[in-house]
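Shown next, in structure tokens, is the structure this report addresses.
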Amino acid sequence: MDAMKNKFWFIQTYGCQMNESDSERYAGQLEALGYHKTEDMELADVILLNTCCVRETAEGKILGKIGELKHLKERNPALLIAVTGCMAQEWQDRLFDRAPHVDLVIGTHNIHQLITLIEERQKASDHYLAADMDIPAFHDLPAKRFQKFFAWVPIMNGCNKFCTYCIVPYVRGREVSRPVADIVKEIRQIAAEGYKEITLLGQNVNSYGMDLKDGTDFSYLLQAVDAIDGIERVRYMTSHPKDMTFAMIDAIAASKKVVNHMHLPIQCGSDELLKKMNRGYTTDHYLELAAYARKRIPDLVLTTDIIVGFPGETEAMFQDTLHLLKRVQYDMAYTFIYSPRTGTPAAKMPDQIPQEEKSHRLQRLMDVQNVFSLEHNQSMEHQVYDVIVEGPTKNDENNWFGRTTGNKMIIWENDGTAAVGDTVPVAVDKGQTWVLKGHLVH
Ligand code: 5AD
Ligand code: SF4
């Protein structure tokens, strides 16, 4: 009898950490149904693509992947293919027209419906769509965490900011904060299971609690989380310069566990363009926040996001962005070419920038930023940092890596003395643009 034959799930995640976290809650449900994890898509009984649509490049890649799955379905008609996440929310049943081999399309508020939908699908050969955003975004779902020492903790879902280029508010809905008690309960559990590092996740963590209307805010949450025993490091992302306050910076500085890494996206260095982006702050305000954070948080590692080629961006405005990079001297900048998203105001704005010009500006921007990234990393040479060991690098089994509290990646030659999850001192020998090389200190 092979009625007990093992069944396998395969999940591929695209996009941000919020999607990583959601994937863990999909995996938790699949495990509850008796499926096991496989790394080999060809062996899977359920393939779930948890998608992103923040830029066209992501969407194109995912559509390609969905296309590739067709031959697997032809070979094994019992295979169940689910497309979930932001692109599922955006495309809804149009995805079935485009790819009839997809069985389930599940939106961003419908994660908890996976099990029911799989059961429905197995009873009838029909497509199923669940993409209702008028229901709560958070559901009490067990996560099957993908990592052993690092855990994602969503603290809110959605975004109310409506930056004019961004599709997130349309596919994730309005901001909803999770109650402090629920967050603390989950982190206590995580700590009891031996996790050392958590990352508090939200599209805009600084507006945490505003919808709860009970006086709770991000500073209060940080204090509550900081007091939980067993956790070593608390990360948070993403911050928004409009809602980040000096008091929050004080709360971070006063905490024992909140790390010295702040990701504070500025998007561009021109006040005129920031207005058109509906960002709600000026470069002067941003610079004040950055200066205060540097003053209050020792060895702050400051990173940012920049978009080039937003509609109407002139050469002078782009120069303002280069100038800003030179003033702030970030440790790292994630740089993006503006990608028009249907339904967002910026997609209809005049003076769209030609692709070639956008690519050229991106290159010039990276050339400026790379100098600072290298300088920051070189300034860490010959110093010793505490690192939580993550394990071997992708390319070389003998090279292991881990991260500092500032989220800098350090690679060293494994001598067998450090185990995954250990916190160990590592001396930096060489700072490079993207990574540091070092050795374990014994
Ligand atoms: N085009 C390019 N970049 C975008 N981002 C968001 N929307 C777009 C878009 N339409 C970038 C922003 C944001 C990061 C997560 O993605 O910089 O901070
Ligand atoms: Fe998008 Fe702006 Fe919200 Fe960030 S703050 S998710 S960029 S709308």
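Cβ from N, Cα, C; glycine included.
Note that TrEMBL annotation is computational and uncurated.
Because the structure is a prediction, the values reported are computed rather than measured.
What TrEMBL says about this one:
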DOMAIN    7-123  domain 'MTTase N-terminal'
BINDING   CYS16, CYS52, CYS86  [4Fe-4S] cluster 1 binding site
DOMAIN    145-375  domain 'Radical SAM core'
BINDING   CYS159, CYS163, CYS166  [4Fe-4S] cluster 2 binding site
DOMAIN    378-442  domain 'TRAM'
Averaged over the domain 'MTTase N-terminal' (7-123), what pLDDT does the predicted model reach?
96
Number of other Cβ atoms within 10 Å of the Cβ of CYS163 ([4Fe-4S] cluster 2 binding site) across all protein chains
21
Of the binding-site residues CYS159, CYS163, CYS166, the one whose Cα sits nearest to the Cα of CYS52 ([4Fe-4S] cluster 1 binding site) is CYS166
List the Cα distance (Å, whole number) between CYS159 ([4Fe-4S] cluster 2 binding site) and CYS16 ([4Fe-4S] cluster 1 binding site).
14
Within the domain 'TRAM' (378-442), count helix residues (DSSP H, G, I), strand residues (E, B) and coil residues, in that order.
1 helix, 33 strand, 31 coil
Secondary structure content of the domain 'MTTase N-terminal' (7-123), with strand meaning DSSP E or B
62 helix, 25 strand, 30 coil
Listed in sequence order, the binding-site residues from CYS52, CYS86, CYS159, CYS163 whose CB sits under 6 Å from ligand 1 are none
Take the mean position of the Cβ atoms of CYS159, CYS163, CYS166, the recorded [4Fe-4S] cluster 2 site. Which other residues of that chain put their Cβ within 8 Å of it?
LYS161, PHE162, TYR165, ILE167, VAL168, PRO169, GLN203
If you draw a 10 Å sphere on the Cβ of CYS166 ([4Fe-4S] cluster 2 binding site), how many other Cβ atoms land inside?
21
Using CB under 6 Å from any atom of ligand 2, narrow the binding-site residues CYS16, CYS52, CYS86 to the ones that qualify.
none
Report, in whole Å, the straight Cα-to-Cα distance of CYS16 ([4Fe-4S] cluster 1 binding site) from CYS163 ([4Fe-4S] cluster 2 binding site).
17
Measuring Cα to Cα, tell me the gap between CYS16 ([4Fe-4S] cluster 1 binding site) and CYS166 ([4Fe-4S] cluster 2 binding site) in whole angstrom.
14
CB within-chain contacts under 8 A for CYS86 ([4Fe-4S] cluster 1 binding site), separation at least 6
GLY15, ASN19, THR51, CYS52, CYS53, VAL54, THR108, ILE167, VAL168, VAL171, ARG172
